[in-house]
């Protein structure tokens with residue numbers, strides 16, 4: 001049977017108190033909508049239709065060519081939202097999943113189980129349900145004495161008895177596609193909210209004596225719909241717990257999982273050690289044997305085998321194997337550290353490549369530079385790469401020794417095996433095998449200090 005999907009993503013999310021559409025708030029590095037779409041993709045739908053409304057262009061940009069889009073210009077309820085997909089789906093044979101775009105914790109495996117249950121029981125509609133300790137605010141699943149689903153009642157429309165029911169509607173369903181759109185023509189706004197409830201189609205099916213079933217989630221957390229920042233924080237916590245657990249099962253050591261923040265798309269090899277208070281974001285990849293110590297922050301970067309990062313920040317950079325970084329180093333975007341490089345405390349590297357076995361031990365800024373292998377930067381070295389309007393490149397060859405407190409004014413080239421004297425300002429090219437000295441000659445004036453107030457003889 002052919003599968004289709006409708007993702008409901010039109011709402012503003014007033015309780016989020018945000019200019020950003022609700023479904024675009026992030027959980028573990030992805031928007032809620034992206035989490036839902038990935039779960040939906042596990043069922044291999046022939047067509048996915050996303051219903052957009054508030055700031056539709058922003059929502060569409062997230063999925064781009066991954067979905068069809070239909071516009072719900074007025075938000076008149078979930079039933080009305082699904083009606084918007086009629087022109088795309090109504091005439092197709094198959095089964096259609098309807099899911100809200102603000103349910104980021106739903107697992108693809110659960111959706112596949114829901115579809116299998118729906119098909120194997122020959123239902124016209126199947127509701128994804130969950131058991132809630134506190135069901136307040138959720139629609140309730142009402143069953144008869146034979147445990148058959150007879151209707152869904154929204155919180156505001158529920159009787160006192162119905163409000164005691166703990167089985168709740170998660171807002172996710174599978175329908176026979178054609179019957180769904182036929183039933184939608186029969187619903188109305190005769191309810192406390194004055195909206196078209198999608199749940200009313202369940203009553204229509206029951207009145208027609210058609211088979212309606214319910215598949216209950218084993219994990220209530222999957223049912224969480226995010227309507228405010230409190231729920232967003234809860235979703236974040238649950239998702240990060242899942243992510244961390246998966247990495248540990250796969251051979252990664254997390255010394256304190258509760259304080260480790262790893263985004264959804266981060267890839268980590270076995271035998272990586274991650275200490276407390278580490279954050280890994282975006283498209284980061286950590287290779288085997290790496291050690292990330294307390295307080296390290298890495299985004300969109302590759303960290304090579306057996307590299308040690310100590311309390312440092314790495315952004316959009318590539319670090320090869322056997323490198324040491326930190327403490328308190330900062331690699332800004334487009335930096336490359338080749339094998340066995342050492343970047344020490346209070347060193348900043350920006351848009352530069354450092355060749356194999358190069359060392360910048362402390363208090364150094366390297367920007368817009370191409371550095372060869374086995375180069376040593378003395379403390380206090382600065383590449384002066386910006387004149388207020390343009391950035392300029394520094395090229396440093398192999399086996400160069402840069403003396404402490406050197407200021408290198410780009411653009412220039414320092415040749416292989418050259419040296420710069422400590423304290424020099426270098427503003428011209430330095431030839432191969434040369435030493436560059438760019439500082440004033442020292443002059444000692446004997447006895448001069450005796451005239452100054454600090455001298456003991458003058459106190």
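Just so you know, glycine gets a Cβ as well, placed from its N, Cα and C.
Swiss-Prot names 379, 385, 386, 404, 422 as acetyl-CoA ligands; from the candidate set 439, 441, the record adds 439 to that same site. Only residues 6 or more beyond the boundaries of the region 'Linker' (230-250), in the same chain, are considered here, and those with a CB under 8 A from a CB of the stretch are 16, 25, 27-28, 32, 35, 104-105, 221, 224, 257, 260-264, 266, 268, 270.
For the binding-site residues 22, 332, 439, the greatest number of Cβ atoms within 10 Å around a candidate Cβ is found at 22. In sequence order, 367, 368, 369, 391, 392, 393, 394, 410 constitute the residues six or more apart from residue 385 (acetyl-CoA binding site) in its chain with CB-CB distances below 8 Å. Counting only the Cα atoms, the space from residue 139 (UDP-N-acetyl-alpha-D-glucosamine binding site) to residue 227 (Mg(2+) binding site) is about 15 angstrom.
The recorded positions listed here (8, 22, 362, 404) include 8, 22 as those with a Cα within 10 A of the Cα of residue 102 (Mg(2+) binding site). DSSP places the residues of the region 'Linker' (230-250) in helix, strand and coil in these numbers: 20 helix, 0 strand, 1 coil.
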